[in-house]
(Lines of atoms letter the chains of each structure in order from A and count residues from 1; the text may use other names and numbers.)
(Lines give C-alpha, C1' and ligand atoms only; values in the text may rest on other atoms or scores of the structure.)
Protein backbone atom coordinates (compact mmCIF):
# COMPACT_ATOMS: atom_id res chain seq x y z
CA UNK A 1 0.00 0.00 0.00
CA UNK A 2 1.47 3.41 -0.89
CA UNK A 3 2.48 5.76 1.87
CA UNK A 4 -0.29 7.88 3.42
CA UNK A 5 -0.41 11.46 2.25
CA UNK A 6 -2.72 12.80 4.99
CA UNK A 7 -1.75 13.76 8.51
CA UNK A 8 -4.28 11.27 9.85
CA UNK A 9 -2.97 7.74 10.08
CA UNK A 10 -6.31 6.41 8.87
CA UNK A 11 -6.16 8.19 5.49
CA UNK A 12 -4.48 6.07 2.85
CA UNK A 13 -4.20 5.98 -0.92
CA UNK A 14 -6.24 3.32 -2.61
CA UNK A 15 -4.23 3.24 -5.80
CA UNK A 16 -6.08 1.47 -8.58
CA UNK A 17 -9.32 1.13 -6.65
CA UNK A 18 -9.94 4.84 -6.29
CA UNK A 19 -7.55 6.49 -8.66
CA UNK A 20 -5.65 9.23 -6.95
CA UNK A 21 -8.35 9.96 -4.39
CA UNK A 22 -7.53 9.59 -0.71
CA UNK A 23 -10.15 7.74 1.28
CA UNK A 24 -10.59 6.66 4.87
CA UNK A 25 -9.90 3.04 5.66
CA UNK A 26 -11.91 1.80 8.64
CA UNK A 27 -10.36 0.08 11.59
CA UNK A 28 -10.55 -3.74 11.27
CA UNK A 29 -13.15 -3.99 14.01
CA UNK A 30 -15.16 -1.13 12.57
CA UNK A 31 -15.31 -2.78 9.14
CA UNK A 32 -17.44 -5.50 10.65
CA UNK A 33 -20.09 -2.95 11.55
CA UNK A 34 -20.19 -1.21 8.19
CA UNK A 35 -18.25 1.94 9.10
CA UNK A 36 -18.33 4.48 6.33
CA UNK A 37 -15.83 7.12 5.33
CA UNK A 38 -18.28 9.95 5.79
CA UNK A 39 -18.47 9.25 9.52
CA UNK A 40 -14.82 10.25 9.86
CA UNK A 41 -14.76 12.98 7.24
CA UNK A 42 -15.37 15.87 9.67
CA UNK A 43 -12.15 15.04 11.52
CA UNK A 44 -10.03 16.03 8.52
CA UNK A 45 -10.13 19.81 8.55
CA UNK A 46 -7.41 20.61 6.05
CA UNK A 47 -6.41 17.61 4.02
CA UNK A 48 -7.03 15.84 0.72
CA UNK A 49 -10.57 15.34 -0.51
CA UNK A 50 -12.11 12.27 1.09
CA UNK A 51 -14.36 10.25 -1.15
CA UNK A 52 -16.89 7.60 -0.17
CA UNK A 53 -16.68 4.42 -2.21
CA UNK A 54 -19.07 1.53 -2.53
CA UNK A 55 -16.51 -0.74 -0.84
CA UNK A 56 -16.66 1.44 2.28
CA UNK A 57 -20.32 2.43 2.07
CA UNK A 58 -22.58 -0.14 0.38
CA UNK A 59 -25.60 1.96 1.40
CA UNK A 60 -24.83 4.86 -0.94
CA UNK A 61 -27.88 5.66 -3.11
CA UNK A 62 -27.54 4.52 -6.69
CA UNK A 63 -24.78 2.05 -5.92
CA UNK A 64 -24.78 -1.64 -5.27
CA UNK A 65 -23.04 -3.70 -2.67
CA UNK A 66 -19.84 -5.39 -3.80
CA UNK A 67 -21.02 -8.49 -1.98
CA UNK A 68 -24.47 -8.65 -3.52
CA UNK A 69 -24.97 -6.40 -6.54
CA UNK A 70 -28.57 -7.45 -6.85
CA UNK A 71 -29.42 -5.90 -3.49
CA UNK A 72 -29.66 -2.12 -3.37
CA UNK A 73 -29.85 -0.43 0.02
CA UNK A 74 -31.06 3.15 0.31
CA UNK A 75 -30.21 5.46 3.18
CA UNK A 76 -33.43 5.87 5.12
CA UNK A 77 -34.40 7.52 8.35
CA UNK A 78 -34.20 4.25 10.25
CA UNK A 79 -30.55 3.71 9.37
CA UNK A 80 -29.75 7.31 10.17
CA UNK A 81 -31.45 7.06 13.54
CA UNK A 82 -29.45 4.01 14.56
CA UNK A 83 -27.63 4.46 17.84
CA UNK A 84 -24.74 2.36 16.55
CA UNK A 85 -23.46 5.25 14.44
CA UNK A 86 -23.17 7.47 17.53
CA UNK A 87 -21.39 4.75 19.50
CA UNK A 88 -18.99 3.99 16.66
CA UNK A 89 -18.29 7.68 16.19
CA UNK A 90 -17.43 8.22 19.87
CA UNK A 91 -15.34 5.05 19.83
CA UNK A 92 -13.37 6.22 16.82
CA UNK A 93 -12.77 9.68 18.27
CA UNK A 94 -11.47 8.07 21.46
CA UNK A 95 -8.85 6.12 19.48
CA UNK A 96 -7.39 9.16 17.72
CA UNK A 97 -3.93 10.36 18.79
CA UNK A 98 -3.83 13.29 21.18
CA UNK A 99 -2.80 15.87 18.59
CA UNK A 100 -5.69 14.84 16.31
CA UNK A 101 -8.33 14.75 19.06
CA UNK A 102 -11.22 17.21 18.73
CA UNK A 103 -11.07 17.84 22.48
CA UNK A 104 -7.38 18.75 22.23
CA UNK A 105 -7.97 21.23 19.43
CA UNK A 106 -10.97 22.71 21.19
CA UNK A 107 -8.73 23.23 24.22
CA UNK A 108 -6.23 25.10 22.05
CA UNK A 109 -8.97 27.35 20.68
CA UNK A 110 -10.33 28.05 24.16
CA UNK A 111 -6.83 28.94 25.37
CA UNK A 112 -6.43 31.42 22.52
CA UNK A 113 -9.83 32.98 23.23
CA UNK A 114 -8.94 33.21 26.93
CA UNK A 115 -5.70 35.01 26.12
CA UNK A 116 -7.42 37.35 23.68
CA UNK A 117 -10.05 38.42 26.20
CA UNK A 118 -7.90 38.78 29.32
CA UNK A 119 -4.87 40.40 27.75
CA UNK A 120 -6.99 43.47 26.99
CA UNK A 121 -9.59 43.39 29.77
CA UNK A 122 -7.65 45.15 32.58
CA UNK A 123 -6.48 47.89 30.25
CA UNK A 124 -9.96 48.36 28.77
CA UNK A 125 -11.55 48.69 32.21
CA UNK A 126 -9.16 51.51 33.12
CA UNK A 127 -9.48 53.14 29.70
CA UNK A 128 -13.26 53.26 30.18
CA UNK A 129 -12.75 55.35 33.31
CA UNK A 130 -10.24 57.64 31.60
CA UNK A 131 -12.51 58.19 28.62
CA UNK A 132 -15.48 58.82 30.92
CA UNK A 133 -13.50 61.35 32.96
CA UNK A 134 -12.31 62.97 29.74
CA UNK A 135 -15.90 63.35 28.52
CA UNK A 136 -16.98 64.93 31.83
CA UNK A 137 -14.25 67.55 31.66
CA UNK A 138 -14.26 69.86 34.70
CA UNK A 139 -17.08 67.84 36.29
CA UNK A 140 -14.95 64.70 36.53
CA UNK A 141 -15.36 63.20 40.00
CA UNK A 142 -14.99 59.55 41.11
CA UNK A 143 -18.73 59.21 41.73
CA UNK A 144 -19.85 60.77 38.42
CA UNK A 145 -17.25 58.77 36.52
CA UNK A 146 -18.42 55.58 38.24
CA UNK A 147 -22.05 56.29 37.34
CA UNK A 148 -21.18 56.95 33.68
CA UNK A 149 -19.11 53.76 33.38
CA UNK A 150 -21.84 51.75 35.14
CA UNK A 151 -24.39 53.11 32.67
CA UNK A 152 -22.19 52.10 29.74
CA UNK A 153 -21.52 48.61 31.13
CA UNK A 154 -25.21 48.06 31.87
CA UNK A 155 -26.43 48.94 28.38
CA UNK A 156 -23.48 47.15 26.81
CA UNK A 157 -24.63 43.95 28.52
CA UNK A 158 -28.24 44.58 27.49
CA UNK A 159 -27.26 45.07 23.84
CA UNK A 160 -25.08 41.97 23.94
CA UNK A 161 -27.95 39.91 25.36
CA UNK A 162 -30.59 41.34 23.01
CA UNK A 163 -28.59 40.63 19.85
CA UNK A 164 -27.48 37.21 21.07
CA UNK A 165 -31.01 36.30 22.04
CA UNK A 166 -32.37 36.86 18.54
CA UNK A 167 -29.95 34.41 16.93
CA UNK A 168 -28.82 31.92 19.60
CA UNK A 169 -31.68 29.45 19.07
CA UNK A 170 -31.15 29.48 15.30
CA UNK A 171 -27.41 28.95 15.74
CA UNK A 172 -27.80 25.98 18.08
CA UNK A 173 -30.48 24.29 15.96
CA UNK A 174 -28.55 24.86 12.72
CA UNK A 175 -25.40 23.43 14.32
CA UNK A 176 -27.21 20.08 14.57
CA UNK A 177 -27.66 20.17 10.79
CA UNK A 178 -24.44 21.77 9.59
CA UNK A 179 -22.09 20.88 12.44
CA UNK A 180 -20.60 22.80 15.37
CA UNK A 181 -17.43 24.04 13.66
CA UNK A 182 -18.96 26.66 11.30
CA UNK A 183 -20.73 28.43 14.15
CA UNK A 184 -17.83 28.22 16.60
CA UNK A 185 -15.66 29.75 13.87
CA UNK A 186 -18.23 32.48 13.22
CA UNK A 187 -18.25 33.38 16.92
CA UNK A 188 -14.46 33.79 17.06
CA UNK A 189 -14.34 35.81 13.83
CA UNK A 190 -17.09 38.22 14.91
CA UNK A 191 -15.50 38.76 18.32
CA UNK A 192 -12.24 39.51 16.51
CA UNK A 193 -14.00 42.12 14.35
CA UNK A 194 -15.61 43.60 17.46
CA UNK A 195 -12.22 44.08 19.13
CA UNK A 196 -10.83 45.76 16.02
CA UNK A 197 -13.69 48.28 16.15
CA UNK A 198 -13.18 48.89 19.88
CA UNK A 199 -9.47 49.50 19.38
CA UNK A 200 -10.11 52.00 16.60
CA UNK A 201 -12.63 53.93 18.71
CA UNK A 202 -10.51 53.98 21.88
CA UNK A 203 -7.38 55.07 20.07
CA UNK A 204 -9.05 57.82 18.01
CA UNK A 205 -11.73 59.26 20.27
CA UNK A 206 -11.32 62.34 22.47
CA UNK A 207 -14.41 61.54 24.57
CA UNK A 208 -16.34 58.45 25.60
CA UNK A 209 -17.64 56.88 22.33
CA UNK A 210 -20.39 54.84 23.98
CA UNK A 211 -22.56 54.53 20.87
CA UNK A 212 -19.67 53.24 18.78
CA UNK A 213 -18.64 50.79 21.50
CA UNK A 214 -22.21 49.56 21.78
CA UNK A 215 -22.28 49.04 18.00
CA UNK A 216 -19.09 46.97 18.21
CA UNK A 217 -20.70 44.85 20.92
CA UNK A 218 -23.67 44.20 18.63
CA UNK A 219 -21.28 43.11 15.87
CA UNK A 220 -19.53 40.70 18.22
CA UNK A 221 -22.85 39.22 19.33
CA UNK A 222 -24.39 38.63 15.91
CA UNK A 223 -22.99 35.07 15.82
CA UNK A 224 -24.92 34.14 18.94
CA UNK A 225 -22.74 35.69 21.62
CA UNK A 226 -21.64 34.01 24.81
CA UNK A 227 -24.92 32.12 25.26
CA UNK A 228 -24.63 30.36 21.90
CA UNK A 229 -20.90 29.80 22.39
CA UNK A 230 -21.52 28.05 25.71
CA UNK A 231 -24.23 25.89 24.16
CA UNK A 232 -22.02 24.99 21.18
CA UNK A 233 -19.05 24.25 23.42
CA UNK A 234 -21.07 21.91 25.65
CA UNK A 235 -22.71 20.23 22.66
CA UNK A 236 -19.27 19.83 21.03
CA UNK A 237 -17.98 17.97 24.09
CA UNK A 238 -21.16 15.91 24.36
CA UNK A 239 -20.88 14.81 20.72
CA UNK A 240 -17.54 13.09 21.29
CA UNK A 241 -17.65 11.83 24.89
CA UNK A 242 -19.56 9.19 26.81
CA UNK A 243 -21.58 10.21 29.85
CA UNK A 244 -19.15 9.16 32.59
CA UNK A 245 -16.26 11.04 30.93
CA UNK A 246 -18.19 14.24 30.23
CA UNK A 247 -17.42 16.05 33.49
CA UNK A 248 -13.68 15.56 33.08
CA UNK A 249 -13.79 16.57 29.39
CA UNK A 250 -15.62 19.79 30.22
CA UNK A 251 -13.15 20.40 33.06
CA UNK A 252 -10.16 20.07 30.74
CA UNK A 253 -11.70 22.55 28.31
CA UNK A 254 -12.43 25.00 31.10
CA UNK A 255 -8.87 24.57 32.34
CA UNK A 256 -7.57 25.43 28.88
CA UNK A 257 -9.60 28.62 28.88
CA UNK A 258 -8.32 29.40 32.36
CA UNK A 259 -4.72 28.86 31.24
CA UNK A 260 -5.39 31.46 28.59
CA UNK A 261 -6.75 33.73 31.32
CA UNK A 262 -3.45 33.32 33.16
CA UNK A 263 -1.24 33.99 30.15
CA UNK A 264 -3.31 37.00 29.09
CA UNK A 265 -2.75 39.08 32.25
CA UNK A 266 0.94 38.10 32.24
CA UNK A 267 1.34 39.61 28.79
CA UNK A 268 -0.80 42.57 29.80
CA UNK A 269 1.29 43.25 32.91
CA UNK A 270 4.51 43.12 30.91
CA UNK A 271 3.19 45.53 28.30
CA UNK A 272 1.73 47.91 30.88
CA UNK A 273 4.96 47.95 32.90
CA UNK A 274 6.85 48.76 29.74
CA UNK A 275 4.36 51.54 29.05
CA UNK A 276 4.92 53.04 32.50
CA UNK A 277 8.64 53.26 31.85
CA UNK A 278 7.98 55.11 28.60
CA UNK A 279 7.54 58.90 28.45
CA UNK A 280 3.94 59.96 29.11
CA UNK A 281 1.96 62.41 27.02
CA UNK A 282 -0.80 64.88 27.83
CA UNK A 283 -3.46 62.55 26.45
CA UNK A 284 -5.83 60.79 28.83
CA UNK A 285 -5.07 57.48 27.08
CA UNK A 286 -1.36 57.33 26.17
CA UNK A 287 -0.46 55.46 23.00
CA UNK A 288 1.57 52.81 24.79
CA UNK A 289 -1.37 51.99 27.07
CA UNK A 290 -3.14 50.59 24.01
CA UNK A 291 -0.50 47.89 23.56
CA UNK A 292 -2.56 45.20 25.37
CA UNK A 293 -5.42 45.86 22.94
CA UNK A 294 -3.05 45.39 20.01
CA UNK A 295 -1.88 42.10 21.51
CA UNK A 296 -5.52 41.06 21.82
CA UNK A 297 -6.10 41.79 18.14
CA UNK A 298 -3.14 39.60 17.20
CA UNK A 299 -4.35 36.70 19.35
CA UNK A 300 -7.92 36.84 18.01
CA UNK A 301 -6.62 36.94 14.45
CA UNK A 302 -4.63 33.75 15.12
CA UNK A 303 -7.68 32.18 16.83
CA UNK A 304 -9.83 32.97 13.79
CA UNK A 305 -7.36 31.29 11.46
CA UNK A 306 -7.01 28.29 13.78
CA UNK A 307 -10.76 27.74 14.07
CA UNK A 308 -11.21 28.06 10.32
CA UNK A 309 -8.35 25.71 9.33
CA UNK A 310 -7.60 23.32 12.20
CA UNK A 311 -10.69 23.06 14.40
CA UNK A 312 -12.33 19.66 13.93
CA UNK A 313 -16.01 18.91 13.43
CA UNK A 314 -17.59 16.97 16.29
CA UNK A 315 -20.79 15.68 14.69
CA UNK A 316 -20.67 12.62 12.49
CA UNK A 317 -22.09 12.55 8.98
CA UNK A 318 -24.98 10.29 10.02
CA UNK A 319 -25.89 12.53 12.95
CA UNK A 320 -26.11 15.54 10.66
CA UNK A 321 -28.17 13.55 8.14
CA UNK A 322 -30.55 12.59 10.92
CA UNK A 323 -30.97 16.25 11.91
CA UNK A 324 -31.52 17.22 8.27
CA UNK A 325 -34.22 14.58 7.92
CA UNK A 326 -35.96 15.83 11.06
CA UNK A 327 -35.71 19.40 9.78
CA UNK A 328 -37.30 18.44 6.45
CA UNK A 329 -40.16 16.69 8.25
CA UNK A 330 -40.68 19.79 10.40
CA UNK A 331 -40.74 22.09 7.37
CA UNK A 332 -43.29 19.87 5.63
CA UNK A 333 -45.69 20.03 8.58
CA UNK A 334 -48.87 22.08 7.96
CA UNK A 335 -48.62 25.68 9.12
CA UNK A 336 -51.42 27.37 11.09
CA UNK A 337 -53.54 30.05 9.42
CA UNK A 338 -52.69 33.47 10.91
CA UNK A 339 -55.18 36.06 9.59
CA UNK A 340 -54.25 39.02 11.84
CA UNK A 341 -51.06 40.79 12.82
CA UNK A 342 -51.53 39.97 16.50
CA UNK A 343 -51.97 36.28 15.72
CA UNK A 344 -48.71 36.36 13.77
CA UNK A 345 -46.93 38.09 16.64
CA UNK A 346 -48.35 35.59 19.12
CA UNK A 347 -47.30 32.66 16.95
CA UNK A 348 -43.78 34.08 16.60
CA UNK A 349 -43.43 34.59 20.36
CA UNK A 350 -44.75 31.10 21.14
CA UNK A 351 -42.39 29.57 18.57
CA UNK A 352 -39.50 31.58 19.98
CA UNK A 353 -39.97 30.35 23.56
CA UNK A 354 -41.13 26.83 22.63
CA UNK A 355 -37.65 25.27 23.11
CA UNK A 356 -37.79 26.28 26.78
CA UNK A 357 -40.29 23.47 27.43
CA UNK A 358 -37.44 21.00 27.05
CA UNK A 359 -35.99 22.33 30.31
CA UNK A 360 -39.09 20.99 32.08
CA UNK A 361 -38.63 17.41 30.81
CA UNK A 362 -41.88 17.40 28.78
CA UNK A 363 -44.34 14.55 28.36
CA UNK A 364 -42.85 13.52 25.02
CA UNK A 365 -39.84 12.13 26.91
CA UNK A 366 -42.02 9.77 28.92
CA UNK A 367 -41.11 6.13 28.27
CA UNK A 368 -41.99 2.75 29.71
CA UNK A 369 -38.78 2.80 31.72
CA UNK A 370 -39.34 6.15 33.43
CA UNK A 371 -43.16 6.18 33.59
CA UNK A 372 -43.46 5.09 37.23
CA UNK A 373 -41.17 7.92 38.47
CA UNK A 374 -41.70 10.43 35.70
CA UNK A 375 -42.86 13.21 38.03
CA UNK A 376 -39.83 12.79 40.28
CA UNK A 377 -37.46 12.88 37.31
CA UNK A 378 -39.28 15.92 35.93
CA UNK A 379 -38.87 17.74 39.24
CA UNK A 380 -35.17 16.88 39.34
CA UNK A 381 -34.55 18.12 35.78
CA UNK A 382 -36.38 21.40 36.45
CA UNK A 383 -34.31 22.03 39.58
CA UNK A 384 -31.04 21.14 37.82
CA UNK A 385 -31.90 23.37 34.86
CA UNK A 386 -32.74 26.26 37.17
CA UNK A 387 -29.49 25.71 39.05
CA UNK A 388 -27.34 25.80 35.92
CA UNK A 389 -29.22 28.83 34.62
CA UNK A 390 -28.97 30.94 37.78
CA UNK A 391 -25.43 29.78 38.54
CA UNK A 392 -24.07 30.86 35.17
CA UNK A 393 -26.03 34.14 35.32
CA UNK A 394 -24.77 34.97 38.81
CA UNK A 395 -21.17 34.30 37.84
CA UNK A 396 -21.55 36.40 34.69
CA UNK A 397 -22.96 39.46 36.43
CA UNK A 398 -20.36 39.12 39.18
CA UNK A 399 -17.63 39.29 36.55
CA UNK A 400 -19.23 42.47 35.21
CA UNK A 401 -19.38 44.13 38.63
CA UNK A 402 -16.07 42.88 40.06
CA UNK A 403 -13.64 45.21 38.17
CA UNK A 404 -15.77 48.24 39.05
CA UNK A 405 -16.01 47.10 42.67
CA UNK A 406 -12.26 46.62 43.11
CA UNK A 407 -11.36 49.87 41.34
CA UNK A 408 -13.87 51.89 43.36
CA UNK A 409 -13.39 50.33 46.82
CA UNK A 410 -9.74 49.22 46.78
CA UNK A 411 -8.38 51.68 44.16
CA UNK A 412 -6.82 48.93 42.05
CA UNK A 413 -5.09 49.77 38.78
CA UNK A 414 -4.59 47.66 35.64
CA UNK A 415 -1.53 45.87 37.03
CA UNK A 416 -3.32 44.99 40.27
CA UNK A 417 -6.31 43.62 38.36
CA UNK A 418 -3.97 41.60 36.12
CA UNK A 419 -2.07 40.11 39.07
CA UNK A 420 -5.34 39.25 40.79
CA UNK A 421 -6.63 37.51 37.66
CA UNK A 422 -3.42 35.48 37.39
CA UNK A 423 -3.53 34.33 41.01
CA UNK A 424 -7.19 33.35 40.89
CA UNK A 425 -6.78 31.58 37.57
CA UNK A 426 -4.01 29.42 39.02
CA UNK A 427 -6.34 28.25 41.77
CA UNK A 428 -9.10 27.57 39.23
CA UNK A 429 -6.67 25.52 37.12
CA UNK A 430 -5.70 23.44 40.13
CA UNK A 431 -9.30 22.84 41.19
CA UNK A 432 -10.45 21.76 37.71
CA UNK A 433 -7.39 19.92 36.40
CA UNK A 434 -6.27 18.21 39.62
CA UNK A 435 -8.90 18.36 42.35
CA UNK A 436 -12.04 17.51 40.32
CA UNK A 437 -10.51 14.62 38.26
CA UNK A 438 -9.00 13.27 41.48
CA UNK A 439 -12.45 13.11 43.03
CA UNK A 440 -14.17 11.43 40.08
CA UNK A 441 -11.38 9.02 39.12
CA UNK A 442 -9.87 7.97 42.45
CA UNK A 443 -11.99 9.05 45.43
CA UNK A 444 -15.63 8.51 44.49
CA UNK A 445 -15.14 5.05 42.87
CA UNK A 446 -13.81 3.75 46.21
CA UNK A 447 -17.20 4.23 47.82
CA UNK A 448 -20.18 2.29 46.53
CA UNK A 449 -22.64 5.08 47.36
CA UNK A 450 -20.55 7.70 45.52
CA UNK A 451 -19.75 5.83 42.33
CA UNK A 452 -20.71 7.99 39.31
CA UNK A 453 -23.74 6.80 37.34
CA UNK A 454 -24.42 7.63 33.71
CA UNK A 455 -28.20 8.14 33.68
CA UNK A 456 -29.19 9.87 36.92
CA UNK A 457 -28.19 12.54 39.43
CA UNK A 458 -25.88 10.43 41.56
CA UNK A 459 -24.68 11.20 45.07
CA UNK A 460 -21.27 12.32 43.81
CA UNK A 461 -22.69 15.02 41.53
CA UNK A 462 -25.10 16.20 44.21
CA UNK A 463 -22.39 16.40 46.86
CA UNK A 464 -19.99 18.35 44.62
CA UNK A 465 -22.66 20.85 43.57
CA UNK A 466 -24.13 21.32 47.05
CA UNK A 467 -20.72 21.84 48.65
CA UNK A 468 -19.56 24.20 45.92
CA UNK A 469 -22.73 26.31 46.09
CA UNK A 470 -22.42 26.57 49.87
CA UNK A 471 -18.82 27.77 49.49
CA UNK A 472 -19.91 30.27 46.82
CA UNK A 473 -22.64 31.66 49.10
CA UNK A 474 -20.34 32.16 52.09
CA UNK A 475 -17.56 33.53 49.90
CA UNK A 476 -19.76 36.19 48.25
CA UNK A 477 -21.22 37.27 51.57
CA UNK A 478 -17.72 37.76 52.97
CA UNK A 479 -16.62 39.69 49.86
CA UNK A 480 -19.44 42.17 50.39
CA UNK A 481 -18.00 43.21 53.76
CA UNK A 482 -14.27 42.79 52.97
CA UNK A 483 -12.28 45.61 54.59
CA UNK A 484 -9.33 45.66 52.20
CA UNK A 485 -8.00 44.19 48.97
CA UNK A 486 -5.94 41.49 50.70
CA UNK A 487 -9.03 39.98 52.31
CA UNK A 488 -10.87 40.16 48.99
CA UNK A 489 -8.02 38.30 47.26
CA UNK A 490 -7.92 35.59 49.94
CA UNK A 491 -11.67 35.07 49.66
CA UNK A 492 -11.42 34.84 45.87
CA UNK A 493 -8.74 32.15 46.13
CA UNK A 494 -10.97 30.09 48.42
CA UNK A 495 -13.96 30.66 46.15
CA UNK A 496 -11.97 29.42 43.15
CA UNK A 497 -12.36 25.86 44.46
CA UNK A 498 -16.12 26.25 44.17
CA UNK A 499 -15.59 26.51 40.41
CA UNK A 500 -15.88 22.71 40.24
CA UNK A 501 -19.64 23.25 40.31
CA UNK A 502 -19.62 24.56 36.73
CA UNK A 503 -18.65 21.38 34.81
CA UNK A 504 -20.82 19.17 37.03
CA UNK A 505 -23.85 21.46 36.67
CA UNK A 506 -23.41 21.45 32.89
CA UNK A 507 -23.12 17.66 32.63
CA UNK A 508 -25.75 16.57 35.18
CA UNK A 509 -29.05 17.55 33.47
CA UNK A 510 -28.28 15.84 30.14
CA UNK A 511 -27.95 12.50 31.92
CA UNK A 512 -31.74 12.28 31.85
CA UNK A 513 -32.06 12.98 28.11
CA UNK A 514 -31.58 10.65 25.13
CA UNK A 515 -28.62 11.48 22.91
CA UNK A 516 -30.89 12.90 20.20
CA UNK A 517 -32.11 15.61 22.60
CA UNK A 518 -28.80 16.76 24.08
CA UNK A 519 -28.16 19.46 21.50
CA UNK A 520 -31.73 20.73 21.81
CA UNK A 521 -31.38 20.88 25.59
CA UNK A 522 -28.25 23.02 25.42
CA UNK A 523 -29.94 25.23 22.86
CA UNK A 524 -32.91 25.70 25.19
CA UNK A 525 -30.54 26.49 28.05
CA UNK A 526 -28.78 29.06 25.86
CA UNK A 527 -32.13 30.68 25.10
CA UNK A 528 -33.03 30.81 28.80
CA UNK A 529 -29.64 32.27 29.67
CA UNK A 530 -30.05 34.88 26.96
CA UNK A 531 -33.46 35.93 28.28
CA UNK A 532 -32.25 36.16 31.87
CA UNK A 533 -29.03 37.92 30.88
CA UNK A 534 -31.08 40.50 29.04
CA UNK A 535 -32.39 41.84 32.35
CA UNK A 536 -29.94 40.68 35.03
CA UNK A 537 -27.12 43.19 34.21
CA UNK A 538 -29.58 46.07 34.59
CA UNK A 539 -30.77 44.72 37.93
CA UNK A 540 -27.27 44.14 39.29
CA UNK A 541 -26.00 47.47 38.00
CA UNK A 542 -28.90 49.21 39.71
CA UNK A 543 -28.12 47.32 42.91
CA UNK A 544 -24.44 48.29 42.63
CA UNK A 545 -25.24 51.96 41.93
CA UNK A 546 -27.65 51.97 44.88
CA UNK A 547 -24.92 50.50 47.07
CA UNK A 548 -22.35 53.09 45.91
CA UNK A 549 -24.77 55.93 46.64
CA UNK A 550 -25.34 54.53 50.14
CA UNK A 551 -21.65 53.77 50.81
CA UNK A 552 -22.10 50.00 50.51
CA UNK A 553 -20.71 48.92 47.10
CA UNK A 554 -20.79 45.25 48.15
CA UNK A 555 -24.59 45.08 47.81
CA UNK A 556 -24.48 42.91 44.62
CA UNK A 557 -22.48 40.25 46.49
CA UNK A 558 -25.21 40.03 49.13
CA UNK A 559 -27.69 39.45 46.30
CA UNK A 560 -25.63 36.66 44.68
CA UNK A 561 -24.96 35.08 48.07
CA UNK A 562 -28.71 34.76 48.59
CA UNK A 563 -29.10 33.20 45.13
CA UNK A 564 -26.40 30.60 45.87
CA UNK A 565 -28.08 29.61 49.14
CA UNK A 566 -31.35 29.07 47.24
CA UNK A 567 -29.55 26.95 44.63
CA UNK A 568 -28.00 24.90 47.43
CA UNK A 569 -31.52 24.04 48.59
CA UNK A 570 -32.51 23.21 44.99
CA UNK A 571 -29.73 20.62 44.69
CA UNK A 572 -30.75 18.98 47.95
CA UNK A 573 -34.35 18.76 46.72
CA UNK A 574 -33.28 17.44 43.31
CA UNK A 575 -31.23 14.66 44.85
CA UNK A 576 -34.05 13.67 47.19
CA UNK A 577 -36.46 13.52 44.24
CA UNK A 578 -34.50 10.81 42.39
CA UNK A 579 -32.94 9.01 45.33
CA UNK A 580 -33.62 5.32 44.94
CA UNK A 581 -34.64 5.62 41.28
CA UNK A 582 -32.70 3.03 39.21
CA UNK A 583 -30.44 4.47 36.53
CA UNK A 584 -32.36 2.49 33.93
CA UNK A 585 -35.59 4.23 34.89
CA UNK A 586 -34.74 7.53 33.27
CA UNK A 587 -34.68 6.12 29.77
CA UNK A 588 -31.68 8.16 28.64
CA UNK A 589 -29.42 7.16 25.84
CA UNK A 590 -26.05 5.66 26.44
CA UNK A 591 -24.12 8.22 24.48
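Along the chain as shown, residues are numbered 1 onward.
Cβ atoms here come from the backbone N, Cα and C positions, even for glycine.
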- Among ranges 138-162, 213-237, 313-337, whichever one TrEMBL labels transmembrane segment: 213-237
- Message: Labelled transmembrane segment by TrEMBL, one stretch among 455-474, 555-574. Can you tell me which?
- Response: 555-574
- Query: Is the count of Cβ pairs under 8 Å between the transmembrane segment (421-440) and the transmembrane segment (487-509), pairs 6 or more apart in sequence, 3 or more?
  - Reply: yes
- Query: Hey, which of 99-120, 183-201, 487-509, 521-543, 555-574 has the most Cβ-Cβ pairs under 8 Å against the transmembrane segment (380-401)?
  - Reply: 555-574
- the transmembrane segment (521-543) and the transmembrane segment (213-237) contact flag, 3+ Cβ pairs under 8 angstroms: yes
